[in-house]
Amino acid sequence: MFARLTSTLFALAAVSAVFAAPGATTEQCNGGEVQCCNSVQDANNLDSSVKKIITGLLHLDLKQITGQVGVTCTSVNVLGIGGGSSWYGFAFSYSYILASDWAIGVCSTQQKVCCTNNSFHGLIALGCTPINVSV
């Protein structure tokens with residue numbers, strides 16, 4: 001019984017430490033949402049595969065798209081929870097939280113951007129502005 005109580009208290013303390021982590025980010029952007037995108041491309045210089053997605057799947061006019069386009073993006077909101085990842089894993093495995101960049105809103109190999117049109121289920125995001133992360 002004592003061991004179970006100790007384990008439970010340790011797990012709660014560990015989870016609390018993650019939520020209080022100094023690296024945690026609650027970045028927001030004016031009129032948009034912070035995203036982690038696998039790539040960010042200029043609307044005037046899109047890859048042919050991205051053009052096909054925009055015109056073929058999404059039925060958008062390329063001439064109407066300006067600025068930066070995020071490709072394959074996931075949302076990063078408070079501590080990253082509720083984004084494109086399945087956040088329920090943290091309830092079952094503390095180590096999963098520590099190993100997951102999205103748990104603290106970090107884009108490890110992706111570009112962090114602020115995008116104003118994210119209504120394409122992560123396929124693309126429009127109106128993106130890169131967010132520079134200083135270390």
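For all residues, glycine too, the Cβ spot is worked out from N, Cα and C.
Just so it is clear, the model here is predicted, and its values are computed rather than measured.
Noted in Swiss-Prot for the protein shown:
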DISULFID  Cys29-Cys114  disulfide bond
DISULFID  Cys36-Cys107  disulfide bond
DISULFID  Cys37-Cys73  disulfide bond
DISULFID  Cys115-Cys128  disulfide bond
CARBOHYD  Asn117  N-linked glycosylation site
CARBOHYD  Asn132  N-linked glycosylation site
SIGNAL    1-20  signal peptide
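Location within the structure of each feature annotated in Swiss-Prot.
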| residue | record | DSSP class |
| --- | --- | --- |
| Cys29 | disulfide bond | strand |
| Cys36 | disulfide bond | strand |
| Cys73 | disulfide bond | strand |
| Cys107 | disulfide bond | coil |
| Cys114 | disulfide bond | strand |
| Cys128 | disulfide bond | strand |
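Listed recorded positions near Cys29 (disulfide bond): Cys115 (candidates Cys36, Cys107, Cys115, Asn132; Cα-Cα distance within 10 Å). All protein chains included, Asn132 (N-linked glycosylation site) registers 5 other Cβ atoms within 10 Å of its own Cβ. Within 10 Å (C-alpha to C-alpha) of Asn117 (N-linked glycosylation site) lie the following recorded positions from Cys36, Cys73, Cys107, Cys128, Asn132: Cys128. For Cys107 (disulfide bond), other Cβ atoms within 10 Å of its Cβ number 22.
The two recorded residues Cys115 (disulfide bond) and Asn132 (N-linked glycosylation site) have their Cα atoms spaced 14 Å from each other. A count of other CB atoms within 10 A of each Cβ picks out Cys73 as the most crowded of the disulfide-bonded residues Cys29, Cys73.
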